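**Q** Got a structure here, written out as structure tokens. Questions coming.
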């Protein structure tokens with residue numbers, strides 16, 4: 001009896017190991033840069049070509065696509081939840097305070113997805129499209145490249161509330177920024193490097209009004225030059241480049257602006273305002289190579305936040321809605 005019991009026990013354990021071996025790879029799948037090498041070998045060049053075309057038509061698109069990836073990863077992880085439209089029984093993230101009226105680039109993602117569905121149906125996830133398009137956008141404006149890890153799945157849910165709480169505000173203090181990034185597993189170096197994405201793109205008047213009228217750590221001439229297009233009260237007002245020095249290039253000029261107290265947003269200038277990140281801002285302002293290296297590393301790290309794998313997600317056929 002003891003021998004039979006021992007045999008049954010070993011058989012049960014073996015069955016359990018087999019079952020776990022079947023389940024765990026899907027649940028714990030590792031991202032890989034060659035994920036689509038066999039299933040959709042033209043995926044990366046297709047995304048790159050579409051991004052380049054879109055940026056040629058409107059250089060601001062580069063910043064928009066990079067911002068989409070950031071706003072995706074900070075809410076539920078890098079799962080393309082940011083792309084989901086509201087429906088009668090579903091509320092997405094596009095209407096959240098940090099997103100409403102300012103997120104752009106959805107049409108470019110739609111175009112890329114349609115191309116990839118024609119080439120390789122139900123193969124390339126929207127989350128991976130966002131990650132690759134972000135990299136290609138930076139490269140299109142002269143910034144660094146990096147190897148994008150692939151194999152993310154798309155979510156079937158979104159979170160308006162998380163978008164409202166987890167995306168940093170342009171009025172954030174340094175401590176708030178550090179805490180927001182730390183909650184996502186990103187260091188202070190990652191935060192300062194990723195903030196360098198503000199070397200391109202624009203901000204709405206409502207997001208820099210307080211900076212140019214109320215802040216004291218701002219270059220007087222810089223603030224005065226912006227007030228004409230952004231009245232102290234009321235709606236409207238003009239957009240302004242986040243990096244007035246080189247608005248259409250991805251470079252380290254953003255950090256030189258901060259040293260000169262010419263950061264457009266309050267949250268930008270907080271990186272250089274007598275706090276713990278001042279020295280790193282000075283380093284990036286002096287060394288384009290250090291900034292490029294740290295930015296690329298931080299982008300890879302951010303691209304791994306909360307990734308869905310295997311049966312925990314899906315590959316959407318249309319990035320705007322769940323299958």
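Placed from the backbone N, Cα and C atoms, the Cβ positions cover glycine too.
Since this is a predicted model, take the numbers as computed values, not measurements.
Annotations per TrEMBL:
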type     : residues               : note
DOMAIN   : 30-323                 : domain 'Plant heme peroxidase family profile'
DISULFID : 40-120                 : disulfide bond
BINDING  : 72, 75, 77, 79, 81, 93 : Ca(2+) 1 binding site
DISULFID : 73-78                  : disulfide bond
DISULFID : 126-319                : disulfide bond
BINDING  : 198                    : heme b binding site
DISULFID : 205-230                : disulfide bond
**Q** Centre the Cβ atoms of 72, 75, 77, 79, 81, 93, go out 8 Å, and tell me which other residues of that chain have a Cβ in range of the Ca(2+) 1 site.
**A** 71, 73, 74, 76, 78, 80, 82, 155, 158, 159, 162, 163, 306
**Q** Enumerate same-chain residues with a sequence separation of six or more from residue 79 (Ca(2+) 1 binding site) and a Cβ-Cβ distance below 8 A; give 'none' if the list is empty.
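**A** In sequence order, 72, 127, 152, 153, 154, 155, 306, 307, 308, 313 meet the Cβ cut-off.
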**Q** Provide, as an integer number of angstrom, the distance between the C-alpha atoms of residue 120 (disulfide bond) and residue 75 (Ca(2+) 1 binding site).
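**A** Residue 75 (Ca(2+) 1 binding site) has its Cα 28 Å from the Cα of residue 120 (disulfide bond).
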**Q** Of all the recorded positions given, 75, 78, 205, 230, 319, which has the fewest Cβ neighbours within 10 Å once its own Cβ is left out?
**A** 205
**Q** For residue 93 (Ca(2+) 1 binding site), just count the other CB atoms lying within 10 A of its CB, please.
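**A** The answer is 26.
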**Q** Can you figure out which of 73, 93, 126 (the recorded positions) comes closest in space to residue 205 (disulfide bond), comparing Cα atoms?
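**A** Nearest listed residue in space: 93.
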**Q** So among 78, 126, 319, all listed as disulfide-bonded residues, which is physically nearest to the residue listed as 'heme b binding site'? Use the C-alpha atoms.
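**A** For the residue listed as 'heme b binding site', the spatially nearest of the disulfide-bonded residues is 78.
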**Q** How big is the gap, in Å, between the Cα of residue 93 (Ca(2+) 1 binding site) and that of residue 78 (disulfide bond), rounded to a whole number?
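**A** For residue 93 (Ca(2+) 1 binding site) versus residue 78 (disulfide bond), the Cα atoms are 13 Å apart.
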**Q** So if I draw a 10 Å sphere around the Cβ of residue 73 (disulfide bond), how many other Cβ atoms end up inside it?
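**A** Other Cβ atoms found within 10 Å: 28.
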